Amino acid sequence: MADQSTNGSQLEAVIVDGGRIPFQRSGTGYNDLMAYDLGRLAVEGIISRAPIDGGDLDRVIMGTVIQDVNTSNVARESALGAGIPNHVPAHTVTQACISSNQAVTSAINLIKAGQAKAVLAGGTETMSDIPIRFRKTFRQKLLEARKYKSISDFLKFFKGLRPSHLLPEIPAIAEFSTGETMGESCDRMAAHFGISRQEQDEYALRSHQLAAKATNEGWLDPELLPAAVPPDFDTIEHDNTFREDTSMEKLEKLSPAFIKPHGTITAGNSSAFTDGASASLIMEKEAALQKGITPKAYLRGYTYVAQDPEDELLLGPAYATPKVLDAMGLQLSDIDVFEFHEAFAGQILTVLKTLNSDTFAQEKLDRDQKVGEIPMDKFNCWGGSLSLGHPFGATGVRLVTTAANRLHHEDGELALVAACAAGGQGHAIVLERFDG
Amino acid sequence: MSYLSTENEDGVLVVTLDQPGEKVNKLDEQLIGEFQDLLQNTDPDSIEGIVLVSGKESNFIAGADVEMLKNKSAPEGIEELSRRGNKLLLKLENYPKPVVAAIHGSCIGGGMEVAMACNYRVASEHSDTTMGQPEVQLGLLPGGGGTQRLPRLIGVQNALTYMLTGKTIYPRKAYKLGLVDELTHRDAVLTAAKKAVAKINKDNFERKDKRSLLHQLMEGLSPLRKIIYSQARKRSKSKTKGNYPAPDKIIDCVKEGYENGMEAGLELESVNFGKLAATPESEALVNLFFAMQGAKKNSDEDKGREVEKIGVLGAGLMGSGIADVSANNDYRVLLKDQTVEQAGEGKKDIWQRLEKKRKKHIISSFERDRISSLVTPTETYKGFKNTDLVIEAVFEDLDLKQSILQEVEEATSDHAIFASNTSSLPIEDIADAADRPEQVVGMHYFSPVPKMPLLEIITTDQTADWVTATAREVGIQQGKHVIVVNDGPGFYTTRILSPFMNEALMLLEEGIAIKELDSHMKNFGFPVGPAALFDEVGIDVAAHITKVLNDLFAERGVNPSTKPEELFEAGYKGRKNKKGFYRYKQENGKTKKDEPNEEIYEFFGGSGRTSMDADTVQQRMTLTMVNEAAWCLQEDILHNPVDGDLGAVLGLGFPPFLGGPFRYIDREGADTIVERLQKYEQKHGPRFTPADILKEHAQSGEKFHQD
């Protein structure tokens with residue numbers, strides 16, 4: 001198979017194992033934990049069941065989006081905290097919702113460049129403990145106060161200080177460049193491409209039902225790393241994010257969350273704030289085989305794309321999909337398993353619609369013909385971010401892991417993973433099932 | 001000089017202690033001699049002061065050389081040695097220029113006494129830095145001025161606490177107590193010590209009294225001090241039951257020095273040091289000390305294979321304890337139980353112990369996280385492929401253990417070792433089901449695993465040498481003292497416990513009261529009485545052990561009591577179901593032992609109890625254990641008497657001051673032991689028949705221990 005990034009190198013990256021601690025709605029199961037703790041649990045879970053020891057790793061890479069200043073290199077802290085030996089370097093990557101995709105592709109690069117034989121790539125995110133800051137004026141005063149010496153200096157502190165300066169500043173999920181929240185932007189985009197409220201609710205319902213089915217059938221079990229949460233150590237074994245009992249009636253009743261009253265995006269057809277972490281073991285193929293390890297899948301070509309954050313904030317997969325397929329000489333019809341990140345139902349439906357649009361292909365992709373229609377029976381069959389939840393920094397590894405597991409479960413050969421991210425960016429990667 | 005090297009740094013004489021060819025500095029005669037010469041030959045006017053520092057990586061002076069004490073005649077030689085040391089340290093203390101100790105690493109016993117004779121102490125905050133006067137644990141006292149200087153530094157009450165328990169003092173605590181004057185990081189101790197010399201020369205350093213107001217008040221008034229001394233005596237008496245002579249002597253020395261001056265105190269200290277060294281208690285404890293050190297060494301280390309990851313099956317008290325000591329020593333552990341929730345409970349126990357340490361500032365929250373992350377609860381064999389050792393701690397049932405063994409062989413690679421933590425089942429029987437019987441071994445831990453210092457490794461005829469060596473290495477890494485014994489029902493420890501417990505039941509049947517029985521044995525020196533021990537071990541377990549060992553004893557014509565089985569069938573399990581020889585009450589979420597359970601007397605001839613002579617009870621009980629230990633040596637269950645002593649003391653609480661069954665036989669004389677056994681044999685039958693090996697020793701007069 002053609003591989004866009006094979007520069008005469010024979011080194012191939014494979015995913016040996018992947019998993020995640022069960023995703024939890026923010027403020028629930030992991031409410032008292034830091035992102036570091038979640039990352040630690042995921043690393044512990046994957047390395048404890050790994051066919052290699054922690055000391056055999058050459059690198060740990062983890063994605064995260066909202067950083068805790070106490071653990072700014074959360075990959076390192078999580079790795080050490082999970083008992084990975086000191087000598088294994090670790091770094092954190094961040095690229096909004098595709099942060100752990102970046103962790104995976106960085107791992108691939110290290111392996112192809114001969115820098116590493118085994119990399120732990122993962123991601124961690126908590127929305128239960130986001131950093132809330134003082135406002136700028138007060139922050140400046142606090143920093144100045146560190147230099148104060150005399151009493152009169154300290155009196156200066158109160159000069160010009162108003163009670164309102166003490167109000168905290170809670171970070172919004174808004175684009176820095178446009179000032180628009182992701183929900184607003186997506187709502188506009190869905191309207192622009194003519195995605196109805198009903199379609200969105202129907203898609204959301206499908207996602208929840210599929211997640212419930214995959215959970216009940218035990219299909220997700222291989223990727224779920226039970227999390228024993230201190231101090232009580234009640235073991236969390238499943239996601240609490242999806243709603244098995246949801247229905248069109250319930251979804252229809254919800255009012256728009258962002259654009260009122262005409263918007264179509266509601267809490268019901270959006271992905272919710274989620275806490276979670278993921279980890280995968282990525283190895284150089286020959287090194288794995290030498291150790292008697294049977295990998296799950298090859299990690300083949302991948303790509304990153306970027307568009308206008310104003311109008312195409314979450315349309316990345318529509319660009320990344322044809323780009324990676326073209327580079328590998330593949331057609332959409334060659335793909336057996338699709339795993340796409342679902343930020344909003346409106347977003348995913350827009351992506352599906354634009355991929356299947358000749359006009360979009362001609363105007364935006366510089367192609368004569370549409371990319372094609374993705375068959376829904378191959379698409380996000382075990383639920384998606386809408387139902388399983390979306391801990392920003394951790395989702396990418398979930399997608400790759402699920403895709404690899406589905407290849408075996410559904411007897412497919414090729415899988416395509418794609419995801420959108422804030423900043424108007426996107427990513428896609430192709431996996432090929434490994435047969436021992 | 002070979003121990004000491006000196007260098008003049010900016011007028012300060014830096015004296016580096018570095019015993020060649022040794023990992024640790026020990027206080028011995030040569031060191032004392034070199035010190036004497038050094039002080040003699042250094043003109044105080046030529047220097048600003050002296051700094052003592054260690055050339056070793058992680059110890060200042062780790063203590064006095066115990067070997068040296070063993071080779072001296074007691075009491076005279078030892079007393080003389082102490083006098084010499086005290087004279088030297090007085091000289092050091094009164095040296096015309098400041099003397100400062102720069103401490104990093106262990107500074108224990110004699111090492112701490114040297115440090116205390118200095119005018120000022122700087123210590124590193126590092127966790128390697130530990131201080132303490134553990135001499136009492138060897139049946140001795142701090143014979144280098146410790147009984148005098150420690151009370152003067154930290155107060156009588158604090159000093160007595162540390163000297164009577166031998167507890168370790170960590171740097172922060174040492175600073176708080178006033179034992180060290182300054183804390184800094186390990187690479188700055190020398191600089192800080194040199195600066196301290198200058199500071200003392202300039203300002204004449206005055207140490208602040210860090211005692212609490214209450215302590216100051218109590219210790220400031222002579223009548224109140226008398227109360228302190230008598231309280232301390234009372235407390236130690238209740239702990240030692242009068243079996244250990246050292247605590248009283250320590251209190252005597254402290255009192256003498258505090259009431260009549262340092263000179264008188266030092267004199268009494270030297271005399272008492274000599275006296276204590278001559279006691280059989282100290283001799284036994286010192287021998288035990290050497291045996292324990294030996295059990296921390298693995299002469300076959302290079303035969304063993306590397307172990308990175310350990311599987312532990314069963315997350316109950318035992319399993320989680322084994323996981324605990326493994327993770328705390330950097331092994332990664334898969335802790336498997338039937339459900340992941342049950343396994344998680346085991347991890348919770350480990351985390352809670354770590355959290356307790358964090359609260360005491362012994363470890364950081366990050367260390368707690370890191371260590372607990374090394375234990376992963378699971379309900380599957382996923383990840384067992386690269387475990388190097390799997391230890392099972394499941395229910396004591398042969399079929400279950402065999403089927404678990406087969407599962408493990410299936411789930412692991414060819415190199416994996418299967419260890420059973422059975423307390424009684426012969427390893428050979430378990431290994432019957434194995435594809436790789438040479439990789440099956442017994443690793444018998446004692447409960448609670450994190451606290452109990454012994455690991456009994458059981459090998460069968462088939463166990464490969466590298467397997468034994470690997471298991472031993474893991475045990476040592478886990479912080480255990482390891483003995484290796486041959487296979488057989490109950491191996492060594494359980495086997496010698498069995499007749500001992502049986503005798504307790506016999507005595508109960510003869511009419512003794514539970515409380516009296518337990519109190520006689522505690523007075524003899526056992527940490528818990530046999531009835532209480534039944535409850536701890538579990539009456540169900542006792543019933544099982546009786547069954548396993550039945551044939552073995554039957555062959556010698558012994559019919560063990562059937563009470564364990566009867567009690568078990570009547571629903572008695574001991575502490576675990578709060579139904580045993582004692583009643584249990586719930587207090588602050590913990591199960592606490594209450595008064596004896598009178599109801600149980602219906603199994604032992606009703607509620608009318610008769611009092612029995614303490615000596616008879618103690619002798620009958622102890623002799624059964626000692627005799628069985630001899631049988632074990634005779635039948636090659638034991639490789640040597642040293643292991644037998646260690647196993648009984650560390651695993652079963654055999655009184656340490658007696659040194660173990662074989663030391664006890666040597667001390668009493670094999671002929672005396674045989675005589676006593678035969679006396680009881682006539683009265684109570686073959687369970688007191690002396691082992692042949694005992695009779696042989698009685699005849700030849702040969703001792704079990706040659707030294």
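Each residue, glycine too, has its Cβ placed from N, Cα and C.
Going by TrEMBL, these are the annotated features:
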- A:Cys97: active site, acyl-thioester intermediate (ACT_SITE)
- A:His390: active site, proton acceptor (ACT_SITE)
- A:Cys420: active site, proton acceptor (ACT_SITE)
- A:14-285: domain 'Thiolase N-terminal' (DOMAIN)
- A:294-433: domain 'Thiolase C-terminal' (DOMAIN)
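Shown in sequence order, A:Phe23, A:Cys97, A:Ser271, A:Ala272, A:Thr274, A:His341, A:Glu342, A:Ala343 are the residues of the chain, 6+ apart in sequence, with a C-beta less than 8 angstroms from the C-beta of A:His390 (active site, proton acceptor). Taken as a whole, the domain 'Thiolase C-terminal' (A:294-433) shows an average pLDDT of 97 in this prediction. DSSP assigns A:Cys420 (active site, proton acceptor) to a strand in the three-state reduction.
In three-state terms derived from DSSP, A:His390 (active site, proton acceptor) belongs to an extended strand segment. Within 10 Å of the C-beta of A:Cys420 (active site, proton acceptor) we count 34 further C-beta atoms, all protein chains included.
When the domain 'Thiolase C-terminal' (A:294-433) is classified with DSSP, helix, strand and coil residues number 59 helix, 36 strand, 45 coil. The DSSP secondary structure for A:Cys97 (active site, acyl-thioester intermediate) is strand.
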